Amino acid sequence: SISFLAQPIGAIVSGPLVDYVGRKKANFLVNIPMIAAWLLMYFAWNLPSLFTANALLGISSGIMEAPINSYVGEISEPSIRGALCTLTQFFSSFGILVMYFLGTFMQWRNAALMCLIAPIASMITVAFSPETPVWLLTRNREKEALKSLCTLRGWTTPDNVKEEFTDLLDYSKKLQQCVICCNTNQDCKSCPHESMNWFIRRVLKIRYVIMCKETLRPLTLVVMYFLFFVMSGLTPIRPNLVNVCGAFGMAQDSKQVVLFVGVITFLVCFLIIGLIKILGKRKLVISSMLGSAISCLLLSTYAAKVLDESVSSYHPETFPEKTSLTPLILFYFMTIFTGLGIPWVLLGELFPFRSRATAQGLSAASFYVFSFLGSKTFINLENSVKLWGTFATYAAFGFAGTIYLYFFLPETEGKSLQEIENYYNGQFRTFADDPVINKLKRLKR
């Protein structure tokens, strides 16, 4: 809980940090508090020191969202951006899986010490990575940007990236224009806002960068997706997963189920890379949300029909003596469909450059807030409406999310970041470009 509470703080801080120091430096610096947290946990001498270490881990995790997603989104070609963004989920799942194994075979202090390997290795790797070309161009560092682009495209020559670099150069020139002048139809060449009061200029920039449709439209979409993703089943029950398995009478040891959940989530990340190329992101997102909703509904039906009213996941003495494969299979299906969700992939590509880091930080903060609220309300929900009602509620969130995403999530696979930005900058781009939706709009007219 402390980690979930601290993560939004880091996520909000990450936006300004990434814009100021750049994507590469931010990815490097975020490892410093992570190293401090693991060392503090290893040398922890009382509960407050453990809580402080946990809070530091949460802040570090929150800070890393914007630089990682910005970096991957900005260095990738449209054809492979989805796959590369999926790899961030893959390594996140891999890290969770490693922690499960370390917690099983090691004393917790030694496990914390082993975890130091990850941030140290990350710092070494990032040190040899290039900065994103578009960020360098916005800082008028054209030679470095060209060199970076050549490196990212396979250590090629400038001639081979000439067209792409020209497009990036034109795009960066637009970004360097005063955003206030651009939105108030003033002459950008004789900008009067440079001498304006710093605070007033900052407020106006927030208005025209954050509170504009090309930012608010995708920000609303991603935040709503995070809400439905979190509240459609798996995330709220993770802290109490062992007891939930026992309450359903699953025909497998509860601790093994927890381990299998990590393994399945890890393996599904491989599947996502191929499915994105076949289905695209829109169909994959809608299918995963619908699958999670149906799985939750079937678990709710099983709990209502089979389990006794007295069964509670917080009272082991009420667990059923007989075990069954049915809830176990349904639960694994829910895990698979939840794993197929790709909110973090969308986080890396939907936002315009000017507001990308800040919007990603706000979106990530919303995820951690929803995760905290979902985990904390699970016991209250179960006490009020029992297990069947709890999973019925999660199913309702899943079905609502399916409908919402069907109408509002556009297909972004294969599109450049500029094309996505232009899409949301359009006058009539509220609904997704879908045959059924387009037919409904024509009938309305």
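Counting starts with 1 at the first residue shown.
Each residue, glycine too, has its Cβ placed from N, Cα and C.
Bear in mind that TrEMBL entries carry predicted annotations, made automatically and left uncurated.
Positions annotated as domain 'Major facilitator superfamily (MFS) profile' by TrEMBL: 1-413.
Under the heading transmembrane segment, TrEMBL lists 28-45 (among others).
Annotation comment: TrEMBL describes 51-72 (among others) as transmembrane segment.
A Cβ distance under 8 Å defines the sequence-distant neighbours of the transmembrane segment (84-105), meaning residues of its chain 6+ beyond its ends; these are 68-69, 72-73, 76, 111, 114-115, 118, 258-259, 262-263, 265-266, 268-270, 272-273, 276, 339, 342, 344-345, 348-349. Per TrEMBL, the feature transmembrane segment maps to 84-105 (among others).
Sequence annotations record features per position, and here TrEMBL assigns transmembrane segment to 111-137 (among others).
For the transmembrane segment (215-237), same-chain residues at least 6 beyond its ends with a Cβ under 8 Å from one of its own Cβ atoms are 209, 244, 261, 285, 289, 292-293, 295-296, 334-335, 338, 341, 343, 346-347, 350-352, 354-355, 359, 362-363, 366-367, 370-371, 374-375, 377-378, 391, 393-395, 397-398, 400-401, 404-405, 408-409, 424, 429-430. TrEMBL lists 215-237 (among others) with the feature transmembrane segment.
Among the features that TrEMBL reports, transmembrane segment is placed at 257-277 (among others).
Annotated transmembrane segment per TrEMBL: 284-304 (among others), in sequence order.
Per TrEMBL, transmembrane segment is recorded for 324-347 (among others).
The feature transmembrane segment is assigned by TrEMBL to 359-379 (among others).
Annotation source TrEMBL lists transmembrane segment at 391-409 (among others).
Against the transmembrane segment (359-379), stretch 51-72 shows more Cβ pairs under 8 Å than any other of 28-45, 51-72, 111-137, 324-347, 391-409. Remote same-chain partners of the transmembrane segment (51-72), defined as residues 6 or more beyond its termini with a Cβ less than 8 Å from a stretch Cβ, comprise 2-15, 17-18, 23-24, 26-27, 30-31, 33-34, 36-38, 40-41, 44, 81, 84-85, 87-88, 132, 344, 347-348, 356-358, 360-361, 364-365, 368. Here the transmembrane segment (324-347) has Cβ contacts under 8 Å with residues 65, 69, 82, 85-86, 88-89, 92-93, 221-222, 225-226, 229, 232-235, 245, 248-252, 257, 260-261, 264-265, 268-269, 271-272, 275-276, 281, 284-285, 287-292, 295-296, 298-299, 302-303, 306, 360, 363-364, 367, 412 of the same chain, all six or more residues outside its ends. For the domain 'Major facilitator superfamily (MFS) profile' (1-413), the model's pLDDT averages out at 86.
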